[in-house]
């Protein structure tokens, strides 16, 4: 080897780090990415590919493949997400019916599919056919009576407990990250946080299987939120196949934003709503290119789901409605009242659920997740079975509540007293007085509403996949349907009142209770999630009720205003804060008059800032500094005396660089000088080889002066996605502000516990 005294001869050896080495540029678990650095790396990669493409035909083809890789990933995400959603829908349909009975002709058929194939089904008894038998008919050959009811009741509970126990066991053993909704963590990941394994293959598999089990168990939860997590797992899997995305965390998040759109697209059959949901609710960085790709992924996913046709009605929408009556201006008042109810319910739910989840985290309750799931499932099944509106699946319940009462409807909600002399078209039935079935349905719905409100608070957040969209919509739909029936009967019996006189004549079809259910569902979902634009679009795509956009908008805006009056956080932001994730919400306003010097570290009385010098520290010094501190990186200065800033070195890359240098370069020992300058320092003869680490140095770290207002600093962190920012005065380094420091300061200013922010 050449002596370090011969600087010219040793230059090639010392510059080996100008070649990339394994794992450089990657991040540790539970750390935030550096968006500016990822953007810069992608620009360099793109520039290199463009220049190489002019060298040969093969390089040109490779550049085309690179350009098209994004669209290929979107196609694959859409196909897989759509397929999984279709399979989940079919499996849930079958397993939900399995709790009540079995199809003798083909056990894998659901109740509806079983009776489709029967030739002995009459229109009046379309839910009954010889091929479908309840468990009491199969086991004791009785379909009526107390013993048959008790046996069916008992087996309903047993099936529910089996499904729930299997689900929580699978999550606990194979994929702990498969629990919950997934949307709070997806939002955090898209903001630049790393949670390794959260979007892994095991999580995808277990979440898909357990989602079917928990929805089939009859618990008060939905599959829509978890489907966003499933779609993002698909996005993560396919992006790992292309180096363009696997080696750049910023680009990977563009793919995940599009995957979230595909998830909502298949959850609700709402491709446009999915794109808007990703833009409004989950994405942190959403360039125009991602908008187009999200649209394409949502389109492919919706097309795939439509091809599978899980609902058997050749429609993509879940709750297709076809109302024949326009809405009237006077009805805006009850619509706004439903919006107020949605806002109050959202506030109540968020506060109670967060209090319960905090109790779960801080007490012994959290140590028994399996027991908690079993107890909640048992309570749900025992209370739900006697009431026909809670016994059926929540999606079926919402579908029935949304339905208009046509001449062919057999539901209790449509048990009106008909005029025998009526000769009107089938689709234009006038308002009629309510029959005994409607009154029975009203008190059953009232009981179901109270039950749903209470049980959902305890169900959301357990160690199983649990979505919130469908339970929230069910609460709103029940309240809305009851209000709708009330307004309808008021209009029928008091059509001479001034508010009804102008638009509701006797014998006219004035009020549609199903529309009130739809508006109530939108209001409650908006109150819990604080969505507005995407919510309205999802609702009209979900139902096909395009002409009812104004009532939906009125209810959504009212519910948001009312809920925001009690607290700005939606349920997902509340869970992010509960878990201590470093999420800097774009919607939060910072109006305090503090300065960067008030937040930066070190503060008065603290140890001085840990720094590296450009050419006077040894390998041993650097390793000791890394060992004694847990900082993510270190500023590099000219010298300890001058403290003139040179750049910033990441902790992980320092560790990897020194490890690689020891393995690949002879002569690098503990007392080798580490230098970050272009030229090596003057060293005495016979000194060990110096180690050049300039390549891993960020020469343009983001800096602010000590008198920069924190309002500006917060804005910079939000819009540029920074991990840290250095504070200087006249070029001299004074301190550092990390994302955690910003979040803790914001929490402190809002009179919250700053120690709740646990990650950086």
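Using N, Cα and C of the backbone, Cβ positions are placed for all residues, glycine too.
Some features that TrEMBL has for this protein:
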TRANSMEM  68-92  transmembrane segment
TRANSMEM  153-175  transmembrane segment
TRANSMEM  195-215  transmembrane segment
TRANSMEM  227-243  transmembrane segment
TRANSMEM  255-279  transmembrane segment
TRANSMEM  332-356  transmembrane segment
TRANSMEM  368-385  transmembrane segment
TRANSMEM  441-461  transmembrane segment
TRANSMEM  468-487  transmembrane segment
TRANSMEM  515-540  transmembrane segment
DOMAIN    600-664  domain 'CBS'
DOMAIN    697-755  domain 'CBS'
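Per-residue confidence over the domain 'CBS' (697-755) averages out at a pLDDT of 90. Remote same-chain residues near the transmembrane segment (227-243) are listed as 69, 72-73, 76-77, 80-81, 84-85, 88, 181-183, 185-186, 189, 199-201, 203-204, 207-208, 211, 251-252, 255-256, 258-260, 262-264, 266-267, 282, 301, 465, 467 (criterion: CB distance under 8 Å, separation of at least six residues from the stretch ends). Counted as Cβ pairs under 8 Å, contacts with the transmembrane segment (332-356) are highest for 515-540 among 195-215, 255-279, 515-540. Across the domain 'CBS' (697-755), DSSP helix (H, G, I), strand (E, B) and coil residues number 24 helix, 19 strand, 16 coil. Per DSSP, the secondary structure of the domain 'CBS' (600-664) breaks down as 24 helix, 17 strand, 24 coil.
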